[in-house]
Amino acid sequence: MAKNFWRKLKTPILAMAPLAGLTDSPFRILVKKYGADVLYSEMASATALFYNPEETLKLLQFTSSERPYVVQLFGSKPEHFAAAVRIIEKKIKPDGIDINFGCPVKKVTKQGAGSALMANLPNSRAVLEAVLKNTKLPVSIKVRTQSGKVKLKDFLQNIADLPISALMIHGRTLAQGFNGEIDLKAIREARQYFSGIILANGGIHNYDDLAKVLSETGVDGAGIGRGALGRPWIFRELKDSKFKISPEQISRLAFRQAQLMFKQKGRAGILEMRQHLCWYVNGLAGAKKLRARMVRVESLADIKKVLSL
């Protein structure tokens with residue numbers, strides 16, 4: 001077994017949760033600067049790595065400043081996961097492997113992956129056994145409170161003897177998707193069935209949200225996903241209730257992300273940045289007019305102009 005970074009982290013642990021198509025290297029670099037303790041890759045397909053790994057390997061590249069860095073995989077076939085983790089360990093050299101049992105998106109679940117894999121107890125166990133057999137890296141998982149008839153308790157009891165290092169729980173069911181109340185009771189009760197690191201996920205947007213989740217569940221930390229979009233500094237806010245950031249600092253931060261996106265992806269990075277720019281101005285006066293300009297930017301110069309830098 002490789003060194004298990006999870007055991008060295010101070011609590012509460014704040015992780016940048018994986019978001020497909022969004023938590024790329026430029027964004028991860030920024031959230032790390034502002035205090036994220038663990039960074040996850042974008043969700044990557046084990047099947048793609050099995051059949052044609054090159055494009056997915058490009059997606060998973062990272063810089064040394066992003067450590068500890070965890071690659072998250074989705075899929076449904078144990079043999080695909082077995083090959084994928086061997087490739088990742090050799091080519092990418094991350095600090096950990098994470099298996100997704102929580103994604104509710106239909107194009108994922110219709111493959112038997114994500115939340116659909118959580119609902120299939122025999123196959124979910126087979127996947128984890130294949131992963132553990134083929135990597136020396138610490139293995140973590142991301143789940144929901146329920147998928148179909150399978151509750152979190154059922155899922156955890158089914159894998160209780162496997163050496164899983166960390167568990168991130170999105171506090172909603174598959175049926176809820178990303179809406180509705182977070183089930184803090186289910187997250188709290190997970191400790192009865194899992195002895196490793198537990199991170200709560202979902203509905204954490206500020207210092208008070210985090211304090212409530214930690215006090216009511218007793219978990220080791222939290223995974224921040226959509227709450228970090230347009231707010232990469234949220235990790236600093238969550239650690240320091242007095243932290244403030246000025247509008248000018250926000251503009252410069254957005255431009256820095258754009259520079260990193262352009263450096264890594266060229267014009268495609270600028271086009272991807274349009275969506276991020278819109279998140280940066282959420283809640284600001286005149287946001288509607290700004291967004292209308294932001295969705296049309298074509299260059300770094302355009303972005304600099306729209307940010308009034």
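Including glycine, each Cβ sits where the backbone N, Cα and C put it.
Automatic, uncurated: that is what TrEMBL annotation is.
Residues or ranges marked as active site, proton donor in TrEMBL: Cys103. Here Cys103 (active site, proton donor) comes close to Ala20, Met43, Phe74, Thr109, Ala113, Gly114, Ser115: these same-chain residues lie at least six apart in sequence, with C-beta atoms under 8 angstroms from its C-beta.
Of all Cβ atoms in the protein chains displayed, 25 besides its own lie within 10 Å of the Cβ of Asn201 (FMN binding site). According to TrEMBL, the feature FMN binding site maps to Gln72, Lys142, His170, Asn201, Gly202, Gly203, Gly225, Arg226.
The domain 'DUS-like FMN-binding' feature in TrEMBL is assigned to 16-303.
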Farthest-apart CA atoms of Gln72, Lys142, His170, Asn201, Gly202, Gly203, Gly225, Arg226, residues recorded for FMN, distance in Å: 21
